[in-house]
Amino acid sequence: MEDLGENTTVLSSLRSLNNFISQRMEGTSGLDVSTSASGSLQKQYEYHMQLEERAEQIRSKSYLIQVEREKMQMELSHKRARVELERAASTNARNYEREVDRNQELLARIRQLQECEATAEEKMREQLERHRLCKQNLDAVSQQLREQEDSLASAREMISSLKGRVSELQLSAMDQKVQVKRLESEKQELKEQLELQQRKWQEANQKIQELQASQDERAEHEQKIKDLEQKLCLQEQDAAVVKSMKSELMRMPRMERELKRLHEENTHLREMKETNGLLTEELEGLQRKLSRQEKMQEALVDLELEKEKLLAKLQSWENLDQTMGLNLRTPEDLSRFVVELQQRELTLKEKNNSITSSARGLEKVQQQLQDEVRQANAQLLEERKKRETHEALARRLQKRNALLTKERDGMRAILGSYDSELTQTEYSTQLTQRLWEAEDMVQKVHAHSSEMEAQLSQALEELGVQKQRADTLEMELKMLKAQTSSAESSFSFCKEEVDALRLKVEELEGERSRLEQEKQVLEMQMEKLTLQGDYNQSRTKVLHMSLNPISMARQRQHEDHDRLQEECERLRGLVHALERGGPIPADLEAASSLPSSKEVAELRKQVESAELKNQRLKEVFQTKIQEFRKVCYTLTGYQIDVTTESQYRLTSRYAEHQTDCLIFKATGPSGSKMQLLETEFSRSVPELIELHLLQQDSIPAFLSALTIELFSRQTSI
């Protein structure tokens, strides 16, 4: 806009100059008409030439001014371009530094986030461990609550039974008071005492004892009445007996005659019995002789069979001697041949031992070679990784060198354009200073490129060294493989025995692992039974209160579980926010606060106290269970062991052998039914099983009958 304004001012001045010249020419022409034509024309021509010269000078000056202004504008544009380039370079440098700082900050932030993530994971583990401990404590508390509920239920049952008994005693007292009018005053006192009995248990117990005494007196009176009735019945029976005796006395002579006849028959029968006894003795003797003869016949048949077997064996030995040519005529020859075979077996065993020792040595050598091969493979992998990293570094350096060369060429082109646009004389001091700075920058770029080239050459040299090292390692690996193949071919002849031994070792290890698993299962079952308390659920009634502590504890556990889940979700959101690198939300900043050391110490103390409490409870449970088992063994006479899940082994204390046992299996819902499994001992008592289990369907009767039978066997022995 300034250039256009200056051009318009120059044109307006030229136009005004031409107008002035034309006016002067008209004025001079009007004034000098009378002069001569030649003089006026000469003057006009000179004046016109002067005016043209002045106009030409003005035009040249304006053109010079315009050229100078264009030059200044070009210089300003060049300066502006240089300033913009310098500014862009400085901004690029600042951006590069800012990016480097930002990368460092991001790396530091990533480290912090990783540390925060590790702390969050550790905190989550601690929370999970705390949750597990709380769950264990809750299980223990629930177990205690169950025990307390059982005790409360038993207490309530006792209270209800006492109340029922009190009501019965009240009814009996009312009946006695109605029947006995003379005890009405005592009835009033008893009513007052019964009303007070509901409030005070001690007075109620005293009144119950008094009522029990009165009931005992009543029972004694009833017993006396029953005794009198029995005596009356006996007297009536005696009267009937007296009547019958009288009738029998009337029949006494006839009875005496019959008695004589019976005596005679008795003597005859005794004689017949004696003769019959003699005949039976003779018959038994003959039967014994017959049995001995039969046994002798059987023994003779057995001897003949054995003789035939021995003859067949002798014939087979003779045939073996003829076929093999061993010359075994006598037992001494056979024993000598057996001794020779044993000696051969010993020599073969020694050879086998030497072969196995050599095989073990070769296995050790093979193991060492395999270790060396693994080490060589690991070194080869490391060298390959290093080579890849060096190749990547070389590629990056080449790319960086190409970029630097492009920047250098660009700077040179810019400087060349500046040099072509401006003449040598028009350089200013600022331009020379910029040129020197550009030359210094070019020298620095040259130095940096030379350093990069040196690093590239060094990396290429290291890459060549690494390749040579990798080639040597591959050659060593091939040599080691060849050595291992030769070693394998050298001890392939004893590989079958080694495989057989390995199979035996694997079988033994499998059996050991199986036994360990069974042991763990049994220990878990024992712990489960100890924790459960070993009570019969079919006979034990569990009462739940309206304000049940276990339900409240479960509700608290559910609330704690929900709270922990929310905390885990907040922690996950915090971890995701930290991984993204963005700002942490305000709702997650509270979740990132870690507990103090005091809280951690208190929690650890609580955990230790809870663990100690659980350990003490376990010890108490174990001692109580042992006492309970001993008491059951002494009272019932049976030792109860858990073999597997829902199977129980009963061993009687009067058993003749330790292996004599019964195995019951719990079936039905919650083990309400028991089923007897077949064992060798159960096969020996089929009558008891048929009577008590199949017909009567009573396991206690079967066990008691079995105990009596075993006890009678031991006492009879």
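Cβ coordinates come from backbone N, Cα and C, glycine included.
It should be emphasised that the depicted structure is a prediction, and the values quoted were computed from it without experimental measurement.
Listed ranges 51-54, 79-82, 243-246; the one Swiss-Prot annotates as motif 'Nuclear localization signal' is 79-82.
Looking at 336-347, 540-551, 600-611, 660-671, the range annotated in Swiss-Prot as region 'Necessary for interaction with MAD2L1' turns out to be 540-551. Broken down with DSSP, the motif 'Nuclear localization signal' (79-82) shows 4 helix, 0 strand, 0 coil.
A 10 Å cutoff on Cβ-Cβ distances gives K61 (N6-acetyllysine) a total of 11 other Cβ atoms nearby, all chains included. Taken residue by residue with DSSP, K61 (N6-acetyllysine) is part of a helix.
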